[in-house]
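First up is the structure itself, then whatever we jot down about it.
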Amino acid sequence: FLLRVSPDLEWHVACLKCAECGQPLDETCTCFLRDGKAYCKRDYGRLFGIKCAQCRAAFSSSDLVMRARDHVYHLECFRCAACGRQLLPGDQFCLRERDLLCRADHGPPPDGAAARGPRSPAPPPAHLAEPVPGRPPGPRPQSHKAAEKTTRVRTVLNEKQLHTLRTCYAANPRPDALMKEQLVEMTGLSPRVIRVWFQNKRCKDKKKSILMKQLQQQQHSDKTSLQGLTGTPLVAGSPVRHESAVQGSAVEVQTYQPPWKALSDFALQSDLEPPAAFQQLVSFSESGSLGTSSGSDVTSLSSQLPDTPNSMVPSPAET
C-alpha cells in the first residue's frame, strides 16, 4: 500500500516517518511537510514554530503570551533587561532588538547637565522672579548685604483693570504712547505701572514659550534616545492566548491503492475460483466417465464452455 500525503507526493507505508524522531506516520496522525521532509506535529512545532524572544522556548496552545511588535514573550519572560522588573499591562517600556527596558531604565539620566550637550541651552529656573511695578529695580545687593531684604510696594489690580490690560495686550503686546495714555485714563493707573505690566507680561510669555519648546524637545529625545542607543517606545498590552503554535498547514494522509493492484487481485481471485463448467469437465475426465457418456451428454457439456471453438463428439475408436 501507498500513503498519499499531498496531491503529488506518495510514500510507502514503511517509508513515511518523521525526519526528526522516526515516528511512523499514517492517516491517524497529523503530518507536516517542509523542504520535502515529513515531520510529526511535536517536532515541527519545536523546530519551526514561534519561540519566545527571551528564553527561545516554544509555546503551547494554552500559554498566555505578551506581544511587542513582531516578538512574542512568555508572561514570566516579559521583564526589564536591566532591573528584572516584570512589565505589567499599561507599563511604558522600550524595545531594543529583543531586549525590553522599563521607562526608569531607558529614560534620561537624573543629572540634566550631563545629558545636555555643550551647545544645549540651560533650562529655565524652577521659580522665576518677577519685578514689582511701582518702584524701579535697584542695584543688586553685594555678598555682604545678601541678608538684607528691601521692602517693595506691590500694586494690586482689580478685575476690571486686569481685563482692560489683557484685552489690549491680546490686540497689541507692544502698545505705543497714545495707547498707553488711553489705558491710563481707562484704568486709573500710572504710566509707569502700565509700562512695567506690559514688560512683565511679555517676559512671562517668552519664558513660557521657551519652556514649552524645551519640554517638547525633551519628550522627543526621550522617545528616540535610549541612553545613547535608539529604541522603540511601547506600552504593554494585556496577555493573549497563543493559538498559532506552528507556521504551516497540516497535510492529510490517505491510504492509496494503485490501479494495477486491483487488477492483480482480480486475476488471483479468478484463478482460485474456476468456472463451474470447467470443474465439471475436470471431474468427468478424472472419473473416466467421459468414454461411457453418451454423445448428447458430451454435446451438452461442451455447449456450457464459453471459449470452446468446436463441439466435442466421440471418436469412432471409442464407439
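Placement of Cβ uses the backbone N, Cα and C atoms for every residue, glycine included.
The domain 'LIM zinc-binding 1' annotation in Swiss-Prot covers 1-43. The average pLDDT computed for the domain 'LIM zinc-binding 1' (1-43) is 73.
What Swiss-Prot lists as domain 'LIM zinc-binding 2' is 52-106.
Positions annotated as region 'Disordered' by Swiss-Prot: 106-151 (among others).
Look at Swiss-Prot and you will find 150-209 tagged as DNA-binding region.
Per Swiss-Prot, compositional bias 'Polar residues' is recorded for 218-230 (among others).
If you look up Swiss-Prot, you'll see 218-237 (among others) marked as region 'Disordered'.
What Swiss-Prot records for 286-303 is compositional bias 'Low complexity'.
Residues or ranges marked as region 'Disordered' in Swiss-Prot: 286-319 (among others).
Annotation comment: Swiss-Prot describes 304-319 (among others) as compositional bias 'Polar residues'.
Each residue of the domain 'LIM zinc-binding 2' (52-106) gets a DSSP state, and the totals for helix, strand and coil are 4 helix, 21 strand, 30 coil.
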